[in-house]
Amino acid sequence: MTLLTSSLLFFSLLTSRLEAIPVLEKSPAHPAHSAHPAHPSHPSPGVRILRAPESLVAPLGDEVVLECETSLQPERFEWSHRSSRSSGAGFKYLRTGTAKANVSQEAAISRLKVLVRQDTLGEYRCVGWFGPLVVTSTIARLELASTSLLGGQESESPLQWRVSAGNSVLWPCGKQVKSNPSASWSYYRNGVEIKPEFIGTNGNIFLSNVSSESSGSYSCQATNPASGERIQLTGSLQLQVTPEQRSQSKSPHLLNGQPNSQEITIREGSSLLLLCPGVGSPPPTVVWSSPDVVGAVKNKRSKVIGHALEISNTRVQDAGTYICFQDNGVRPVLEHYIKVHVEQPPQIVRPPWADLTNEGDRLKLECEATGVPTPEIYWLLNGHSSLDDTEAELSNNFLILHSVLKRHAGYVQCFARNRLGEHSAGTLLQVNPKQIQEPRESGGTHRPKPNQGSKQKQMYPPTPPNVTRLSDESVMLRWMVPRNDGLPIVIFKVQYRMVGKRKNWQTTNDNIPYGKPKWNSELGKSFTASVTDLKPQHTYRFRILAVYSNNDNKESNTSAKFYLQPGAALDPMPVPELLEIEEYSETAVVLHWSLASDADEHLITGYYAYYRPSSSAGEYFKATIEGAHARSFKIAPLETATMYEFKLQSFSAVSASEFSALKQGRTQRPKTSTTEEPTLQMGDRDTTTPSHNETFNMSPMLTGTIGGGAVLILLLISTCLCVCRRRSSRSRGNNPNKPRMAELRDDFVPLGNCSPTKQRQRTRHIHITLNPLAQQQQQALEEKNDTDQDAPYYQRPSSYDYDPGLRRMSSSSLRRSQRTLERAGGSNGSNNGNNNNLNQSAEAGPVENPGKPGRVLMKRPRLSSRSENLSSGSLNSVGV
């Protein structure tokens, strides 16, 4: 059995998401609104008929071969036949290996050998099967070669013509011959074959500027080129040419047997030869004109040769009436009319186009064609006539499906035909099936089973993947999850296997996340993934495994067989050009691109967009853009104020293009608030509270200044605390034997008038609360001090343990304290000139006279040792 090397495209037509692929050519513009576009210079990719079978004419008993070639190797070829003897009958598939038909296949070429018989005459079609997809060729006619005479084999009397020299003679010797195919002609004079002056005279002997040497007996013979049958016409012409001097003057006129007018039918593109009959004496001159065709004579394709007008590469616009005027100065002038018909084979200028259609929707497809005669339009749905479909209606050039059903999914072809041939174009019709809910039990009372709670949500599988070739070793898969209310999907896994015996499914390592639980279209949510490390020239199947939130999984249906062709066997796809990356928002950008030629749209099914942050060297994110007409696409969500790099490639059902050049773009920065906060008017002061965005968007220099100032303030505070602590530690420990209360009293001395101006006097007090546990000991110390009140106070010399520097420091502190007290005492006249307050008793402290106003307390330096005993009491609080 032949290996099914290319069951491609092979898309699951009921659920896959694809674009239309034409069989022959497709209009580059959208069919619904475009003017008649020019046809592309090369055929479109995908499934198409490269070479359709050609019509043949053959004699009975001959064997002919019909050939059909497709762009890709199908799973199988079939041929259908409609006999010419059964009018109105449909096509029937031929059984191969029979006596009258033998089918052979070699790769993507199929050959049908037919023995020409009466029952094998008729129309033939080639049908290629690509999985569920059926592509049908145009019709080839097999006709029987034949040659006959319209008037029978009756003998005609020879014509006798006598003309003066210098005239041109036209004899239509083969006007009664009917031949299929057109006969080839041979001309004879006096039994000797002569070469015609013009090619394409089609059974007309034309002699220009005759002389006496042209006299003789003329005859002609028709030969059927297919069968080789020859017909010797019985009629002949006896021509006698007389010298011009002997002829009398005579106006232009027609000879016996020459037609009064002519009607010629010619195929577009052929050469047309118009001959003007008539003679006169003297020989007339000929002038050509046409009331219907502007510039019919004076153009580059027309040439006047004597009495003949030759038009090369005939066009439809050349059809009309041509008049040749013959004038030799003798009235009347002879006018000869020739009616020209130019026929044109059918050509579809607006092919059908179908998008993904929901089951049950109404679909209207248009197919417009040109041709002369006006072509007839008919439709095939997966190889079956639309006339047999109850949902189909034909209206002028439209096919209307009132309700699209699943059986309509596949290839829809439009055919235009006239007697010159056929032309076809098609589109892929994809049907999105309705979601079928599980039927609920009806009738009776539903009793819940034990351990049965509320109805669980279903697991809706993804659609079968659509496969596109990326390279010789990789493909791109596209699938979607239809809208549903079932269990949410967490991730996808891709599985594939090579077609063949004992080939197991392989699972890729990548986990494809479902993303945000929202639908990105009315139909559902689309996904893409690539599969690498494949082998070219092998056939694969793919499927998608969905993992749900309940940790269960469900598989999609498998894709149709996909044959991975090497890139050398495919035509290159047009590469899109990225024009601009538009900053759409803080989380989105819009890509804008173009094609080198809009005529390339018919080659494209859609586009793949790849993007990643410019600072990243990881894999690209992918987005699929459906439709060949797209020129922009929004990509979201993205990071705010982030630079990304983008690239594009176009794809069809068979392959993908090269990547476009990389282009960078970024998302927008966060927008600052333009709303002012309410202000409180206080005179001319501006007390407007800055908004959050204004504070957040503070300039870096200002932020650095504020931060540096805060650090300096903290350093200053820390330094002051350290200095104060060191001074406090130095001042404690002057007298180790002095009680704590007495020490505090000695530390504060009265200064009568510290300030020279006494505008405001305040009484200040130091309130000391002692520990109750040390109250008795403190009272004993106070009584002891009271007994020593009358004794003179002597300053004890300072004693230091080991450091003489401490002694010098204490002496300096004492001298500074003395100078301070002297200045304070000098300002008070009641001190009797004694500024040395060191002789005061300890009882003169502020604790003894707390109510006396106008007193200022200053701390006195202690000269005792730094070690002090605080076990006698603890200081709880100090009040000023």
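The backbone N, Cα and C atoms fix where each Cβ goes, and this holds for glycine too.
Remember, predicted model here, so these are calculated numbers, not experimental data.
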According to Swiss-Prot, region 'Disordered' applies to one of these ranges: 238-272, 728-762. Which one is it? 728-762
In Swiss-Prot, the member of ASN466, ASN785, ASN839 to which N-linked glycosylation site is assigned: ASN466
Cross-link partner of CYS367 (disulfide, per Swiss-Prot) out of CYS324, CYS414: CYS414
Name the residue, out of ARG469, ARG478, ARG483, ARG541, that Swiss-Prot lists for the same heparin site as ARG497, LYS501, LYS503, please. ARG541
Swiss-Prot annotation: CYS126 disulfide-bonded to which of CYS68, CYS173? CYS68
Using a 10 Å radius around its CB, how many other CB atoms surround ASN557 (N-linked glycosylation site)? 16
Distance, CYS276 (disulfide bond) to CYS173 (disulfide bond) (CA atoms, angstrom): 15
Compute the C-alpha separation of CYS324 (disulfide bond) from ASN557 (N-linked glycosylation site), stating it in Å without decimals. 73
CYS276 (disulfide bond) versus recorded positions ASN209, CYS220, CYS367, CYS414 - nearest by Cα: ASN209
When the Cα of CYS367 (disulfide bond) is compared with the Cα of each of the recorded positions CYS68, ASN102, CYS126, ASN557, which one is closest? CYS126
Nearest of the recorded positions (CYS220, CYS414, ASN466) to CYS68 (disulfide bond) - Cα to Cα: CYS414
Argmin Cα dist to CYS220 (disulfide bond) over the recorded positions ASN102, ASN209, CYS414, ASN557 returns ASN209
